[in-house]
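Student: Dumping the structure here so I can ask a few things about it.
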Amino acid sequence: MKTLLLTLVVVTIVCLDLGYTLTCVKSNSIWFPTSEDCPDGQNLCFKRWQYISPRMYDFTRGCAATCPKAEYRDVINCCGTDKCNK
């Protein structure tokens, strides 16, 4: 009986882990961020700051398969946990 119970627990844990979907912050608004579930294959969240002028930055957040490449005057942070790109 104990073996059956242990087997069911292990199977449940494995099945739950296979269905995991990463959630990243998507909205560009600092004050009212929204989130999105990342599609299959996109296992990273990113946040990109782009320098526009002194004290002025544009930023973008979302899901990515790989960390986006920084362009001129960009700062990019990538991470792999839920809503880590706040």
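Even glycines carry a Cβ here, placed using N, Cα and C.
I grabbed these lines from Swiss-Prot:
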SIGNAL    1-21  signal peptide
REGION    23-37  region 'Finger loop 1'
DISULFID  C24-C45  disulfide bond
DISULFID  C38-C63  disulfide bond
REGION    44-63  region 'Finger loop 2'
REGION    66-78  region 'Finger loop 3'
DISULFID  C67-C78  disulfide bond
DISULFID  C79-C84  disulfide bond
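Distances, neighbours, how buried they are, the whole picture for these features please.
Tutor: Within the chain carrying the region 'Finger loop 1' (23-37), a Cβ under 8 angstroms from the stretch's Cβ atoms is held by residues 45-47, 59-63, 82-86, all 6 or more beyond its ends.
For C24 (disulfide bond), the number of other Cβ atoms no farther than 10 Å from its own Cβ, over all displayed protein chains, is 25.
The Cβ of C63 (disulfide bond) lies under 8 Å from the Cβ of L22, C24, K26, E36, C38, P39, Q42, L44, C45, F46, each on the same chain and at least six residues away in sequence.
Outside the region 'Finger loop 2' (44-63) by six or more residues, the chain places 22, 24-28, 33, 36, 38, 70-71, 73-81, 83-86 with a CB less than 8 A from a CB of the stretch.
Distant neighbours of the region 'Finger loop 3' (66-78): 44-51, 85; these residues of the same chain sit at least 6 beyond its ends, with a Cβ under 8 Å from one of its Cβ atoms.
C78 (disulfide bond) is surrounded by 15 other CB atoms, counting those within 10 A of its CB over all protein chains shown.
DSSP assigns C84 (disulfide bond) to coil in the three-state reduction, placing it in neither a helix nor a strand.
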Student: Suppose you look only at the region 'Finger loop 1' (23-37); what would the mean pLDDT be?
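Tutor: Computed over the region 'Finger loop 1' (23-37), the mean pLDDT is 85 on the 0 to 100 scale.
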Student: How many other Cβ atoms sit within 10 Å of the Cβ of C38 (disulfide bond)?
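Tutor: Total other Cβ atoms inside 10 Å, all chains included: 20.
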Student: At the Cα level, what's the spacing in Å between C79 (disulfide bond) and C67 (disulfide bond), rounded?
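Tutor: If we compare the Cα positions of C79 (disulfide bond) and C67 (disulfide bond), the gap is 9 Å.
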Student: From the Cα of C67 (disulfide bond) across to the Cα of C84 (disulfide bond), what is the distance in angstrom?
Tutor: 14
